[in-house]
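Quick look at what TrEMBL lists:
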- 139-173: repeat 'PPR' (REPEAT)
- 174-208: repeat 'PPR' (REPEAT)
- 209-243: repeat 'PPR' (REPEAT)
- 244-278: repeat 'PPR' (REPEAT)
- 279-313: repeat 'PPR' (REPEAT)
- 314-348: repeat 'PPR' (REPEAT)
- 349-383: repeat 'PPR' (REPEAT)
- 384-418: repeat 'PPR' (REPEAT)
- 419-453: repeat 'PPR' (REPEAT)
- 454-488: repeat 'PPR' (REPEAT)
Amino acid sequence: MLKLLPPTTISSSSESLSMLPSKHTDVIQKLVECKTVSQSLKVFTNSYKNPEIYSAIIHIITRDKRYPQARCLMKELIENLQKNKKNRHIASLAFNALQGFQSSKFTPGVFDVLIMAFSQMSLVEEACWVYRKTEALPGIQACHSLLHGFVKLGKFDSMWKFYDEMVSRGIASNVVTYGTFINACCKQGDILKACKLFNEMVEKKIDPTVVVYTSVISGLCKEGMITEALDVFGLMEKSGTSPNLYTYNVLIDGYCKIENINQALALYSQMQMQNVQPNVVTFSTLIDGLCKVGEFGRARQLFIDMAKFEVIPNIFVYNSLILGYSKAGNISEAFFLCSEMGKVSLSPDIFTYGILMKGLCEMARVTEATDLFHKMEKEGIIANIVTYNILIDGYCKVGRLEKALEICSEMTDKGLDPNVITYTSLIDGYCKEKDMEAAMGLYSEMVIKGLVPGVITFTTLIHGQLKAGNLKEASRLQNEMKERGISPNAFTLSCSVDGLCKDGGAPIKLLKAKRDSKGSQEDLILPN
């Protein structure tokens, strides 16, 4: 709920011009008597400044419709008032200073300027106080500024309450109002409400702008509703509203997220036909999407095409390509791309190093990964939990558990606490050595610390217990997993069934489970 700031009476702000100290009166008199606004600004610049003098110049330049300049000076006034810790109610101080200006150059538009200044400074409660205090109806731009302020701060409930106040005071909504609300709904993830508002504005014969269309399309794409997003895109083209770069980027990203790369590339071609030039976001989205589906050749071609459009690759483009080649096992190409970064004045970041380290570890080249880790630190990049986990997991996978524990100790010495991934990697290392007592000890330790084990942790332990021939303990872990509401993955099922088949009576039990068609998938895992 919005707080109403209590009004405060400041004598110097509410006094008439004749009651002000003579030096202040003289300055204000000079400001008022100037024949041009430029002359007034010159007098203001060279004079002593207090709230009343600020008020006078803001009235003068607002009356001349120099709104951006008026907002800048209003923000200066607010900042100066904020410097004095005794000034608790900035809104009332600024309001009283503006209200106290007595001249033919007084204009009520200054209160709109005050609302906008407060809103842009994220002081929405103060802006709302001024809105309620003004007798004249605030302009729609001031209202929009306040609405944007609420959205920026994520105060959506307050935004809707303020909208009700707008309606009650007879302020009519326009395309900007609807656009603000639609954008707010999309940010909240309430795409149904956004679509409802979109339909409402169309019914009221308010033509959506490209910004409104794009907001709806973006919201739909974020929810994976690509078909509906295309319907809105079609309406947009039918209405004669041309899509802009952001519209195309949003749709391309939507297609890439559902791995429909061909449609994403079709939009890439369409935007060029419409003379909309792709930017670094377009290329990074497409390259990342292509790499994720293993289309490295096409991704590399797009990377080359960037130069044709004079688009300089950013770190995200390089990291996407490096990740793609690394996952494909082409680590040499990944390192070559990393070396090429310097040509566009880029340096590898922590993500680049992490990708390359993981690629090396997956090829069992853990020593090289460690060397790269040390190189990263020499470059001044501080290792995080992710980079440490990559090394710990790498050493566990090649059976060098002591080295993994050494790295884990180094990590904790630097103030980084092991997380679920750290524990799972170490548990896997102990399972590989068939030291199930140590593995279960680590499991107990992580649970005591409040870390929640996931499907991979349980699968690792179940697999380890089965390999060690501990079917009862594997069964207990499976039941615990089920109690925690964790569904098994394909590997959990595979290793569990494999364990069953090695057990004496397993074939009969497995057949019984298969025959029980009403049983859940978990019923196939382990006998009790």
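Yeah, the Cβs are placed from backbone N, Cα and C, and that goes for glycine too.
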### Query
What is the three-state DSSP composition of the repeat 'PPR' (419-453), stated as helix, strand and coil residue counts?
26 helix, 0 strand, 9 coil
### Task
Within the repeat 'PPR' (384-418) only, compute the mean pLDDT.
96
### Summary
Beyond a gap of at least 6 residues from its ends, the CB atoms lying under 8 Å from the repeat 'PPR' (279-313) belong to 245, 248-249, 252-253, 255-257, 259, 261, 264-265, 268, 271, 320-321, 323-325, 327-328, 330, 344, 346
### Close approaches to the repeat 'PPR' (384-418) from elsewhere in its chain (Cβ under 8 angstroms; 6 or more beyond its ends)
350, 353-354, 357-358, 360-362, 364, 366, 369-370, 373, 376, 425-426, 428-430, 432-433, 446
